[in-house]
Each structure stands twice: as structure tokens, then as C-alpha cells.
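Here is the structure we will look at, set down as C-alpha cells.
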């Protein structure tokens with residue numbers, strides 16, 4: 001292979017990598033020596049705190065980990081980036097939102113469409129077309145305290161039999177990895193490919209913020225009739241737009 005061919009191959013590989021991780025072809029004229037300097041220069045990484053989604057960085061809101069100015073995905077640990085951050089591990093990413101809109105079509109599971117490497121991915125908001133926020137799908141259970149063992153259903157949890165993934169206080173979906181969670185206490189985070197449509201589709205917007213808390217499902221709070229509802233934009237407290245589910 002001559003030097004010119006090696007040069008072209010190197011740039012082609014770089015462009016494919018950049019597209020796959022950022023979702024767009026970079027402006028080559030902007031790739032100066034400072035393009036990939038970390039946004040947190042001289043700021044200590046805070047691995048003890050959890051990711052906060054969405055977070056605001058340089059005026060834009062992000063619902064997932066990003067690679068802006070970095071080769072490794074990271075997130076802010078404050079709602080507005082103030083120099084506090086951490087590198088993202090698999091269990092730091094937000095959960096998939098199903099259904100989600102991509103290129104005007106509703107999807108109820110992870111898809112490969114639009115991915116050069118045909119890797120499964122999902123949107124982390126109700127509309128990829130609107131927010132362009134996404135992540136690769138986990139195809140196996142991960143995290144938890146059982147070394148990523150697969151879900152076991154049915155299982156006993158709090159003296160009841162459960163048959164599907166459960167939502168915890170951090171909006172993560174988890175599952176028991178033994179037949180009796182009450183006795184064994186073993187669990188994993190659910191694979192994204194195990195999850196299907198859990199919430200209504202358009203016009204609900206998931207997640208949405210109500211009284212400064214994120215919700216990933218329809219809720220009954222704030223209604224006298226105990227009917228469930230959802231916001232149709234991320235910030236209900238600002239926009240006050242909603243529908244019954």
C-alpha cells in the first residue's frame with residue numbers, strides 16, 4: 001500500500017468513527033489542535049456523583065452521555081455544567097424511550113437504521129428527530145450486584161410475583177436474577193432489547209419534568225380525578241402543555 005492510500009484509509013476510518021459517535025460528518029476545517037481538548041481542563045473528575053439528565057453544556061441540553069471535545073463519553077453531574085463531570089459507564093446512560101420517532105416513523109424497539117456499523121441503538125427521548133439524543137442498546141443484562149446475570153421471571157419481590165422489569169427511584173429498569181429476590185437480593189439492569197413500548201407515544205414527551213423531577217411514564221399527580229397524564233414538551237413547569245394518557 002502506497003503512502004497516499006494509507007493516508008486516505010486513515011481519514012476514511014476517522015470520518016466513519018466520528019460520524020458513528022457524533023451523528024454527523026465533522027467540519028474538517030475546524031479540527032485544529034484544540035478541537036479535542038477536554039472541556040474540564042484543570043477541573044477534577046467527580047466519579048462519586050451520578051450523571052444528571054438532561055444537563056446543560058454550553059447552552060445546549062443533553063439527555064445522554066456525549067463525546068463533545070472528548071474521545072470518551074462523559075456527562076455532567078450537575079443540571080448545569082459547572083466543571084463537575086464523570087466518564088460514562090454502561091449503567092450511567094439513561095434508559096431507552098419506546099416508542100420513539102426517527103425520520104418520521106415510530107419505533108417500539110432498538111433499531112439499526114441509520115447506523116453505519118449496524119449496531120442497535122435507541123433514542124433517549126420520545127423524538128430523535130427533535131432532540132438527536134441517543135445511545136447504543138445493551139443487548140444483555142448489565143450492572144447490578146449479580147455480575148450481569150440475566151433476568152429470571154417469574155420471581156418473588158416483596159412477597160409478590162413479578163414477570164417484568166421494574167423501575168427504581170432513579171428511573172432505571174432492573175430485574176431479579178434469581179427466582180426469589182426477597183431471599184437472594186440479586187439483580188441486574190435490564191437489557192435495552194428486553195424492553196418494548198412501556199408508555200404512550202406521540203404526543204407525550206418522555207422524559208418530562210414536573211415540579212423539577214423527571215418522569216418516564218404517565219402520572220396521576222396533580223389531578224383530582226386520578227386520571228393519568230403526560231407533558232407534551234420536556235418542561236411542563238415552563239410550557240404547561242399536556243394530554244391525558
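Just so you know, glycine gets a Cβ as well, placed from its N, Cα and C.
Residue 51 (disulfide bond) counts 21 other C-beta atoms within 10 Å of its own C-beta, drawing on all protein chains shown. Mapped onto three states, the DSSP output places residue 51 (disulfide bond) in coil. Marked as disulfide bond by Swiss-Prot: 51-75 (among others).
Swiss-Prot lists 65-88 (among others) with the feature disulfide bond. Residue 65 (disulfide bond) falls outside any helix or strand according to DSSP and counts as coil. Taking a C-beta cut-off of under 8 Å and a sequence gap of six or more, residue 65 (disulfide bond) has these contacts in its own chain: 51, 73, 74, 75, 88, 92, 93, 135.
Per Swiss-Prot, disulfide bond is recorded for 96-122 (among others). Using a 10 Å Cβ-Cβ cutoff, residue 122 (disulfide bond) registers 23 neighbours.
Residues or ranges marked as disulfide bond in Swiss-Prot (evidence: sequence analysis): 110-137 (among others). Taking the Cβ of residue 137 (disulfide bond) as centre and 10 Å as the limit, one finds 20 other Cβ atoms among all the protein chains shown.
A simple way to gauge crowding: the CB of residue 151 (disulfide bond) has 19 other CB atoms within 10 angstroms, across all the protein chains here. Residues or ranges marked as disulfide bond in Swiss-Prot (evidence: sequence analysis): 151-175 (among others).
As annotated by Swiss-Prot, disulfide bond applies to 165-190 (among others), with the evidence given as sequence analysis. When secondary structure is read from DSSP and collapsed to three states, residue 190 (disulfide bond) falls in the coil class.
Annotation source Swiss-Prot lists disulfide bond at 204-230 (among others), citing sequence analysis. The number of other CB atoms found within 10 A of the CB of residue 230 (disulfide bond), across every protein chain shown, is 24.
Feature annotation from Swiss-Prot assigns disulfide bond to 218-245 (among others). Its own atom aside, the Cβ of residue 218 (disulfide bond) has 19 Cβ atoms within 10 angstroms in the protein chains shown. Mapped onto three states, the DSSP output places residue 218 (disulfide bond) in coil.
Residues or ranges marked as domain 'Fibronectin type-II 1' by Swiss-Prot: 46-90.
Annotation source Swiss-Prot lists domain 'Fibronectin type-II 2' at 91-139.
Among the features that Swiss-Prot reports, domain 'Fibronectin type-II 3' is placed at 146-192, with the record citing sequence analysis.
What Swiss-Prot lists as domain 'Fibronectin type-II 4' is 199-245, and the listing cites sequence analysis. When pLDDT values are averaged over the domain 'Fibronectin type-II 4' (199-245), the model yields 80.
If you look up Swiss-Prot, you'll see 1-23 marked as signal peptide.
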Number of other Cβ atoms within 10 Å of the Cβ of residue 175 (disulfide bond) across all protein chains: 25
Disulfide-bonded residues near residue 175 (disulfide bond), in sequence order, restricted to 96, 110, 204, 218, 230, 245 and a 10 Å Cα cut-off: none
Which disulfide-bonded residues sit within 10 Å of residue 96 (disulfide bond) - Cα, from 110, 137, 204, 218, 230, 245: 110, 137
Residue 88 (disulfide bond) CB neighbourhood, other CB atoms within 10 A: 18
